[in-house]
Structure formats: C-alpha cells, structure tokens
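As annotated by Swiss-Prot, NAD(+) binding site applies to Asp42, Ala43, Glu44, Tyr45, Asp46, Ser91, Leu92, Glu128, Arg151, Glu188, Lys305, Lys329, with the evidence given as sequence analysis. Annotation source Swiss-Prot lists active site, N6-AMP-lysine intermediate at Lys130, citing sequence analysis. Residues annotated as Zn(2+) binding site in Swiss-Prot, with sequence analysis given as evidence: Cys423, Cys426, Cys441, Cys447. The domain 'BRCT' annotation in Swiss-Prot covers 608-688.
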Amino acid sequence: MARTPVSPPATSAPAERAAWLRAELERANYAYYVLDQPDLPDAEYDRLFKELESIETEHPDLIVPDSPTQRVGGEAASGFEPVVHEQPMLSLNNGFADEDIVAFDKRVGDALGKNASEPPVPVEYAAELKFDGLAISLRYVDGVFVQASTRGDGTTGENVTENVRTIRSIPLRLKGKRVPHVLDVRGEVLMFKRDFERLNERQRAAEQKEFANPRNAAAGSLRQLDSKITAQRPLSFFSYGIGVLEGMDMPATHSELLDWYKELGLPVNGERAVVHGAEGLLGFFHAVGEKREKLPYDIDGVVYKVNRRDEQEALGFVSRAPRFALAHKFPAQEALTRLVAIDVQVGRTGAVTPVARLEPVFVGGATVTNATLHNEDEVRRKDIRIGDTVIVRRAGDVIPEVVSALLDRRPDDAREFVMPTHCPVCGSNIERLPDEAIARCTGGLFCPAQRKQALWHFAQRRALDIDGLGEKIIDQLVEQNLVRTPADLFNLGFATLAELDRFAEKSAQNLLDSLEKAKHTTLARFIYALGIRHVGESTAKDLAKHFGSLDPIMDASVEALLEVNDVGPVVAESIHQFFAEEHNRTVIEQLRAPGRVTWPEGPPAPKAPQGVLAGKTVVLTGTLPSLAREEAKEMLEAAGAKVAGSVSKKTDYVVAGAEAGSKLAKAEELGIPVLDEDGMRKLLEGQL
C-alpha cells in the first residue's frame with residue numbers, strides 16, 4: 001500500500017521544511033523503488049531534492065543520517081530475499097544545463113591537477129547513455145552466473161536471480177579466456193519500445209491492465225514472484241559498470257572494461273565514446289539528443305565517467321555518489337500542472353478526441369498548454385477530472401499527453417468529463433461503434449473537419465476516379481472555401497480552376513473533363529466513394545449486388561444489412577449510422593441530382609435458394625485438393641449457405657485446406673466444426 005502524502009508545513013522554518021521534504025522524498029522513493037508505482041515526475045523529485053540539499057548546506061545541524069541526501073532511496077520489498085552488495089551500488093549526481101557540465105569538468109580537472117599545467121590538459125572521459133530502466137548487479141563465479149540482485153537502497157537489494165535467468169541477452173556462462181574468479185557486473189534491465197508495444201497489445205487482448213511506460217513494464221516484470229511470468233516478458237540488458245572483481249586485475253580504463261565485457265559475451269551498448277574536456281562532453285550530449293527519439297529504447301540522459309581507473313580512485317566518492325561521474329539529464333519529459341478544461345477535437349477521419357487544456361507548463365523543452373487524452377476510455381481508466389493536478393509528458397516531437405492525475409491533490413470541485421453527443425464542428429451525431437475505443441462524427445460528407453479526407457477519398461481511382469484532383473488541389477479548394485462537400489466539385493468552372501496556384505489552363509480543362517467522366521459510374525463505386533467507415537470495395541460491391549439500388553441501402557435496418565454477404569454487426573451498424581445522419585443524406589441527394597452522378601440501376605439479388613445449408617454460415621480457408629476457392633463458394637451458396645470471409649461465433653462450419661492459417665486457429669479456439677473437402681461434399685449431400 002502506498003504511503004499517504006503529508007501536506008507541506010504552514011511555516012517556512014528550515015527545520016520543519018527539511019523534515020517535510022525528507023518525508024515527501026522518502027514517500028516518493030518507496031512508490032518508485034518498492035511499489036513500482038512512481039507518482040512524482042523526475043523533475044519534481046529533483047526540485048525537492050535540490051531544495052533539501054540547499055537547506056542542509058545552509059544548516060548542517062539539520063542533516064540526519066537517514067536523509068535522502070545521505071543515501072540512495074529504496075528498501076527491499078517483501079517476497080524477495082535480501083542481498084547485501086559487497087560493493088555499494090551508488091547513484092550519480094545530476095547535471096541539467098551546459099553550465100553544470102562545464103563546472104563538473106573544471107572540478108575534476110582541478111582535483112586531478114590538470115588545470116594547473118600550461119596549457120591545461122583536458123580530462124579523458126567515457127560517455128555513454130543513461131537508460132530508463134532498472135539497475136541490477138550480476139554475479140559470476142568462475143564464469144558461471146550465480147546471482148542477480150536489484151540496487152535496492154544501494155547497500156541491500158533484492159534477489160531476482162530466477163527472474164534474470166530468463167532474460168535471453170544475459171549469458172549464463174561467460175565466454176573467452178580472460179574469465180575472473182568472481183565478477184559483479186553492473187547494468188540496466190530495460191524494455192525496448194517495440195517490445196513494450198507488443199506486450200501492451202497482449203495485455204489488451206487478455207483484458208489485463210496495460211503498463212504506463214517501458215520502465216514500469218521492465219520493473220514490474222523483473223520483480224514478479226513467479227519467474228514464469230518474467231520469462232514471457234521481453235526484457236533486455238546492457239552492462240555499464242563493475243562491482244567486485246577477484247582473480248585478475250581491473251582494466252585500466254572504463255572503455256577497456258566495456259570492451260572486455262563484450263569479449264565475455266555481455267551485452268554492451270554501442271552508443272558510447274571516449275571524449276576530452278567539457279567540449280567533448282557537450283558534443284556527445286547534443287549528438288545523442290538529436291537521435292534520441294529514433295533510439296529503440298528510452299533514455300533520460302547520458303552519463304560521463306572519468307575514463308582512467310587510477311584517476312577515478314584519486315577522485316573518490318561522496319556519501320551517495322562518485323566524484324568522477326555525472327549524469328547529464330535531458331530536459332524533464334514530465335511535469336506537474338493543473339487541468340483546467342477538457343475539450344474535444346475532430347480529426348480528418350472523424351475521430352473525436354478529448355484534449356486537455358492546461359495551465360502553461362515547461363516540459364520537454366517547450367511550453368505546453370494542451371495535451372491529448374486519447375479517448376473516452378482512457379479518461380475513465382486514468383480517472384482524470386477537470387481541476388486535477390496532473391502529470392504531463394512530452395517527449396521530442398510526440399504530442400504531449402496526460403499520464404495520470406494526483407488523486408491526493410484532487411480538489412472537492414473536480415468534475416468528470418462527459419463526451420458530447422454532437423460534433424462541435426458540424427453538429428452531426430457522435431457515435432461509438434461496439435468494440436471500438438474511438439468515438440466518431442457521423443457527418444463524414446458534411447463535416448468541415450473531415451472535408452479534405454472526404455474529398456480525397458471520393459476522388460480515388462477505386463471510387464469516382466477523378467484524375468487530376470490531388471491533395472494539393474484539394475487543399476486549395478478547401479482553404480479558399482470553394483468546395484465544402486463532394487457535391488460542390490461538380491459546380492466548379494473553368495475560370496475558378498484556372499486561378500488556382502500552379503494550375504494551368506490545360507490542367508483546369510483536364511480536371512473538368514475528368515469530373516464529367518466521373519458522373520457516369522457504378523453503384524458499387526459510388527457507395528465506396530462515400531467513405532463509409534468499414535466499407536471497402538468488396539463490401540460496396542456486396543451491398544450493390546444485394547440491394548440493386550441506393551434507396552433500399554439508405555433505408556435498410558441493421559438486421560437487413562446483416563443479410564448482406566460478409567457484413568457483420570460492426571459494419572452493419574456503421575452503414576446504418578452513416579445513412580441515418582441527415583447531413584450525409586443531403587449531400588447524397590445533391591450528388592444524384594439531375595445532371596450529376598448516375599449509375600445503372602439493377603434488381604436486387606435473388607434470395608439464396610433454400611437448401612441443405614440454408615441459414616448456415618461457412619468460412620473457407622487454405623487450398624482445397626481439387627476445388628478452386630470460387631468453385632467451393634458457388635457450391636456452398638447454391639446449397640443456401642452464406643460464405644463469410646472471417647470466423648466469428650456466428651460461423652457454423654469452417655472448410656480448411658492446405659496451409660490454413662489464423663482462420664483455422666480461430667475456429668478451433670471457438671469450437672467451430674472444421675471440415676476438409678471430403679467433409680464439405682458430405683455436408684452438401686446431407687450426409688453430415
């Protein structure tokens with residue numbers, strides 16, 4: 001259980017303020033290290049830590065042995081055996097601004113006497129990435145992996161040997177000839193971005209709680225009491241330091257240590273360099289910053305270490321960190337602010353997204369006033385309310401997002417978000433289909449927010465095939481308010497088109513000719529051109545074939561639409577909602593007005609003959625021995641069956657041939673009868 005936050009003292013007396021800061025930092029440490037549920041952004045923690053350091057510097061008598069400034073935070077969680085580190089796993093001091101790095105380099109140079117020479121001799125550093133994961137120590141005895149432990153409080157950690165044994169990148173036996181008697185390898189367990197996304201996909205599919213970020217996923221996976229669960233989690237590891245070493249001499253430099261680790265078969269990250277002086281340090285930092293977002297894993301800074309081991313020993317340690325190393329952190333990617341309102345915005349595909357309006361906050365190198373909340377379910381899951389103090393995250397060019405709300409700071413007048421029922425842009429109904437997280441505006445042909453997307457889709461080759469109507473022309477037509485709906489395209493004249501930027505007279509005439517040609521189409525193409533969600537070319541053809549003309553489709557109930565080949569509940573509901581929106585019907589009437597778009601009408605398809613498979617749904621998958629897919633389909637339909645393209649609970653039979661794939665697996669999962677070609681023939685003959 002998380003420890004209850006304590007309110008800040010009413011007085012500003014140093015003793016009381018320091019006591020509160022220690023309590024708040026210890027509470028945050030417990031949440032971060034023990035519960036794996038961090039509730040304070042790094043930037044806020046750093047700010048409080050620096051304030052406590054400042055008070056203790058000014059008032060040394062207030063320093064107590066268990067102050068967070070005197071040790072690394074965290075305690076061993078129950079359920080794991082404690083492990084005492086022979087060589088403490090210390091944390092690093094932090095630098096944030098370029099000036100901090102210049103000052104660090106000067107301190108090191110002064111202490112080593114390099115600045116006293118003329119000219120000064122630049123210090124040699126090993127520069128590497130600061131991973132956003134979980135620090136661990138691996139012990140090898142005579143080259144065999146025997147133990148893994150977390151950092152814990154720096155002196156005592158947790159025994160996670162069985163869990164770490166499941167991480168494939170960690171060797172269980174070291175390679176090469178230079179293997180020591182005892183070696184403690186220090187490094188970081190982390191989860192790559194792609195693996196994190198796949199893990200959350202599995203969590204969603206299993207209807208289990210998703211992880212907030214790769215670090216939480218890595219920490220939670222490593223500290224599972226059941227190592228079988230850890231084995232299913234895609235964890236990775238990078239080596240970057242050393243603890244105990246027995247049986248051979250310590251490498252002379254840090255860079256040589258990492259080279260030796262590679263010889264032993266230990267994972268070592270390639271994004272590292274040996275640099276000289278403050279200029280070299282800052283050059284490495286800014287180079288990494290430029291490619292940070294493209295890296296396949298999360299980092300929150302870089303680490304500088306004096307490269308030579310003898311110089312490291314000369315510099316020594318302070319109580320909680322080495323003097324020879326520094327973590328240079330990127331601008332905070334998370335910060336606290338107040339959520340003052342939640343609006344919704346409509347995207348070009350009609351997606352209606354809640355957007356948080358925030359009190360301005362500087363995060364990720366920019367001032368942020370808006371952040372995405374993704375969808376209504378996310379707002380509910382995170383329990384985010386108007387008036388909350390929230391954690392906002394901004395990473396590089398990624399759209400800022402609200403990570404969570406601080407429930408202990410929730411005001412009494414905080415209000416829940418209510419998704420509007422009508423589009424704020426056009427007034428059309430907002431609908432959310434079953435099993436979909438995104439709500440959408442149903443005014444696809446009318447809504448200004450969706451205008452460009454609707455026009456682009458309408459002109460596609462597989463739709464009305466309006467040659468010459470590309471994205472740049474559509475942009476101009478919309479931005480100059482010349483076209484509001486697809487119907488307005490047929491009002492365009494030569495003079496209007498010829499005035500468009502970079503649109504010659506010949507291009508204008510070609511587009512007019514193409515628009516004239518587009519007036520003569522087919523019902524299937526017209527249906528597809530409307531841009532109804534979930535209605536592709538195949539479904540458009542099935543609708544045209546089944547109903548024969550447009551009016552019956554526009555007036556069809558969901559039940560009537562479900563009778564169409566390959567139309568399931570989600571697609572049927574989407575079609576029904578589209579035609580139920582009056583704005584869409586108005587545009588359609590404008591499109592098929594006299595002199596506009598026409599197509600040959602046809603009779604509705606005859607009802608399927610009553611046969612041995614009347615009312616049954618069959619799915620074909622794989623390659624049958626003697627029948628082509630189309631032949632088998634015709635035989636089944638002739639017997640009254642509906643041949644569907646996907647397996648669902650409504651499927652009655654699956655006919656599987658060679659190389660049957662996911663459809664066969666789904667059928668077996670749902671317990672649906674599976675037949676081969678002979679079984680299908682017997683079914684058609686009424687023998688099954």
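The backbone N, Cα and C atoms fix where each Cβ goes, glycine too.
Structural mapping of features recorded in Swiss-Prot.
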residue : record                                  : CB count, 10 Å
Glu44   : NAD(+) binding site                     : 17
Asp46   : NAD(+) binding site                     : 15
Leu92   : NAD(+) binding site                     : 19
Lys130  : active site, N6-AMP-lysine intermediate : 20
Arg151  : NAD(+) binding site                     : 23
Lys305  : NAD(+) binding site                     : 21
Cys423  : Zn(2+) binding site                     : 26
Cys426  : Zn(2+) binding site                     : 19
Cys441  : Zn(2+) binding site                     : 28
Cys447  : Zn(2+) binding site                     : 26
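Those residues of the chain, other than Cys423, Cys426, Cys441, Cys447, with a C-beta within 8 angstroms of the mean position of the Zn(2+) site C-beta atoms are Val346, Gly350, Pro424, Val425, Gly427, Ser428, Ile430, Thr442, Gly443, Phe446, Pro448, Ala449, Gln450, His583. When secondary structure is read from DSSP and collapsed to three states, Glu44 (NAD(+) binding site) falls in the helix class.
Proximity of Asp42 (NAD(+) binding site) to non-local residues of its own chain (separation of 6 or more, Cβ distance below 8 Å) is seen for Asp300, Lys329, Ala332, Gln333, Glu334, given in sequence order. Residue counts of the domain 'BRCT' (608-688) by helix, strand and coil are 27 helix, 16 strand, 38 coil (DSSP-based). If you compare Cα positions, Leu92 (NAD(+) binding site) sits closest to Lys130 out of the recorded positions Lys130, Cys423, Cys426, Cys441, Cys447. In terms of C-alpha distance, the listed recorded positions Glu44, Asp46, Lys130 place Glu44 closest to Cys447 (Zn(2+) binding site).
When the alpha carbons of Cys426 (Zn(2+) binding site) and Glu44 (NAD(+) binding site) are compared, the span between them is 42 angstrom. Nearest neighbour of Lys305 (NAD(+) binding site) by Cα distance, taken over the recorded positions Lys130, Cys423, Cys441: Lys130. Using CA atoms as reference points, the binding-site residues Asp46, Cys423, Cys441 were checked against Lys130 (active site, N6-AMP-lysine intermediate), and the closest is Asp46. Closest in space to Cys441 (Zn(2+) binding site), of the binding-site residues given as Glu44, Asp46, Arg151, is Glu44, taking the CA atom of each residue. A gap of 52 Å separates the Cα atoms of Arg151 (NAD(+) binding site) and Cys423 (Zn(2+) binding site).
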